[in-house]
Amino acid sequence: MADVPDDAPEHCPGTTSEQAGKSASCQGCPNQTLCASGATKAPDPAIAEIAEKLSTVKHKILVLSGKGGVGKSTFSAHLAHALASDSTKEVALLDVDICGPSIPRIMGIEGEQVHQSGSGWSPVYVDDNLAVMSIGLLLSSPDDAVIWRGPKKNGMIKQFLRDVDWGDLDYLVVDTPPGTSDEHLSIVQYLSSTHVDGAIIITTPQEVSLQDVRKEIRFCKKVKLPIIGVVENMSGFVCPKCKNTSQIFPPTTGGAEQMCADLNLPLLGKVPLDPRIARSCDEGKSFLSEVPDSPAAEVYRRIVQSIQDYCSNHVTEQQSTT
């Protein structure tokens with residue numbers, strides 16, 4: 001990733017680019033000599049620091065989607081809740097959506113404060129075994145806008161990974177914003193030495209979502225990020241009274257099922273629309289605890305079990321290759 005400083009001139013090639021310090025746009029830049037020397041191309045020392053910091057985290061799972069509004073944060077929150085329902089497991093949820101942090105609201109910790117200690121920032125605990133960190137916990141108001149360029153967002157993600165006192169964890173779930181840009185490149189780069197288990201790709205059934213999700217899948221392949229599987233959210237509406245299913249977002253091109261077949265990816269499950277999921281998120285409660293017998297909760301549990309099985313097998317594979 002070619003990092004561009006905040007004060008860089010227009011058309012800066014980036015400090016880690018082959019053209020750093022050499023291109024015409026570098027003329028007059030105070031960093032030209034430093035960039036041309038090659039010193040800026042050295043690996044970011046934060047990568048090794050983060051690897052050391054997260055060496056006590058057994059499993060790291062990214063939740064991605066090329067499309068916004070498909071339910072990434074909702075899924076991330078409920079995945080964290082489901083994993084933490086086993087009281088013997090330590091779970092953390094990291095929100096790297098810098099401009100649209102919704103995790104504090106969904107997890108019911110809006111207004112809570114992050115405290116500094118000798119070992120770093122202390123995350124906010126939802127339960128004894130479920131910790132959360134988000135830029136939303138650092139803002140004076142949930143309505144405050146974060147108006148940052150890429151380098152500043154990257155710096156915040158680096159701080160979250162390196163400076164938060166995560167402790168010993170069984171699972172770290174990372175909720176990301178839509179797209180394939182700064183935050184995604186940063187999180188993949190900074191976690192490159194930490195043995196990430198993989199990514200869960202979230203989509204909805206309609207083609208307008210799938211076409212952006214395919215870009216995210218391509219991104220994962222380019223950066224060599226394993227894909228655990230795909231989850232289709234809003235997959236039909238199950239009437240709470242008659243239990244019949246209606247297709248609110250018709251899968252005109254076959255939905256996630258056809259996409260997974262075409263790209264040889266596992267389809268982890270299809271979560272139906274349920275208004276009670278949105279209500280639970282607004283109220284900061286776990287839908288899985290509030291409505292445990294609903295069809296959507298049943299699908300969630302099967303998906304979470306598949307993810308746990310994948311992570312267990314991933315550890316076994318790593319042990320066999322070391």
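Each position is counted from 1, following the chain as shown.
A Cβ is built for glycine as well, from the same backbone N, Cα and C atoms used for every other residue.
Given the structure is predicted, the values throughout are model-derived calculations rather than measurements.
Residues or ranges marked as region 'Disordered' in TrEMBL: 1-25. The feature [4Fe-4S] cluster 1 binding site is assigned by TrEMBL to C12, C26, C29, C35. Annotated compositional bias 'Polar residues' per TrEMBL: 14-25, in sequence order. If you look up TrEMBL, you'll see 58-229 marked as domain 'AAA+ ATPase'. The ATP binding site annotation in TrEMBL covers G66, K67, G68, G69, V70, G71, K72, S73. Marked as [4Fe-4S] cluster 2 binding site by TrEMBL: C239, C242.
Shown here: features listed in TrEMBL, placed on the structure.
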residue	record	CB count, 10 Å
C12	[4Fe-4S] cluster 1 binding site	21
C26	[4Fe-4S] cluster 1 binding site	20
C29	[4Fe-4S] cluster 1 binding site	17
C35	[4Fe-4S] cluster 1 binding site	25
G66	ATP binding site	23
K67	ATP binding site	21
V70	ATP binding site	23
G71	ATP binding site	24
S73	ATP binding site	25
C239	[4Fe-4S] cluster 2 binding site	9
**Prompt:** Cα of G66 (ATP binding site) to Cα of C12 ([4Fe-4S] cluster 1 binding site): how many Å, rounded?
**Reply:** 26
**Request:** Looking only at C-alpha atoms, tell me how far C242 ([4Fe-4S] cluster 2 binding site) is from G71 (ATP binding site), rounded to the nearest Å.
**Result:** 25
**Prompt:** Which numbers of helix, strand and coil residues does DSSP report for the compositional bias 'Polar residues' (14-25)?
**Reply:** 2 helix, 0 strand, 10 coil
**Prompt:** Which chain neighbours of the ATP site, leaving out G66, K67, G68, G69, V70, G71, K72, S73, have a Cβ atom within 8 Å of the mean position of the site's Cβ atoms?
**Reply:** S65, P178, I202, T204, S209
**Prompt:** How does the model score the domain 'AAA+ ATPase' (58-229) in terms of mean pLDDT?
**Reply:** 95
**Message:** Using a Cβ cut-off under 8 Å and a sequence separation of 6 or more, which residues in the same chain sit near G69 (ATP binding site)?
**Reply:** P178
**Asked** CA-CA, which of the binding-site residues V70, G71, S73, C239 lies nearest C35 ([4Fe-4S] cluster 1 binding site)?
**Response** S73
**Prompt:** Where among the binding-site residues G68, K72, C242 do you find the Cβ with the fewest other Cβ atoms within 10 Å?
**Reply:** C242
